[in-house]
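Chemist: Attaching a single structure in structure tokens format; questions to follow.
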């Protein structure tokens, strides 16, 4: 089972990153994608990935919250980072109109520019969308034929939004949000509509700790070692074997991000 969304650059992991990776390995996590959310974070994610070759890979991009930092220099930095074999996707990029830490126009500019970079480099794109579906799809659609793959991570949308994403060819990342008995029930009901070959699973650690873990961890920090719990729960709700589903999502991640095919 492969975790496609780990924010290992977070300061919450500052004191024990090696132990976090070791715990994930011990629990059967077969690899992880480290998320770049800004230029410095993308550089940091790459350094961490290079420290665990064959197990960790990274993305390079600017998150919509940080879109106000977009410049021509940022675009050049992303292109330079993307040359490295461990960098396998452009992102995390997209739109987030929920909190608007950057203005919608700043977000749209940065998102469109990163889609152009991904298309130009022939790389998958790792995306974020919150309360911005219509505009997100409007900006994304013109690029889809030029992208080898497009992943929408941490999907929390509606059935209609899911259908539109699937029809457009997107792969869908599901987090421990689905384990939340308060907020996750609507998402849980959508699991059966995601085809096996479009499903990806992720922790989004250190965020989104599954609420139904037993026993409950003493810390609120999420970790990749909890991915097996998400796999088991999703498998049960999809009426699938958990071991088989773990293999499916691992195969999907390796195919979509072309792991081992970039000069490694």
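Placed from the backbone N, Cα and C atoms, the Cβ positions cover glycine too.
Copying in the features that Swiss-Prot gives for the protein in this structure:
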BINDING   92, 128, 153  divalent metal cation binding site
Chemist: Taking the centroid of the Cβ atoms of 92, 128, 153 as the divalent metal cation site, which other residues of that chain lie with their Cβ within 8 Å of it, listed in sequence order?
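Modeler: Going along the sequence, the neighbours come out as 5, 35, 63, 91, 93, 94, 126, 127, 129, 152, 154, 173.
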Chemist: Taking the Cβ of residue 92 (divalent metal cation binding site) as reference, which residues of that chain separated by at least 6 in sequence fall under 8 Å from it?
Modeler: 35, 36, 37, 59, 61, 63, 126, 127, 128, 153
Chemist: Going by DSSP, is residue 153 (divalent metal cation binding site) sitting in a helix, a strand, or coil?
Modeler: coil
Chemist: How many other Cβ atoms sit within 10 Å of the Cβ of residue 153 (divalent metal cation binding site)?
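Modeler: Result for residue 153 (divalent metal cation binding site): 25 neighbouring Cβ atoms inside 10 Å.
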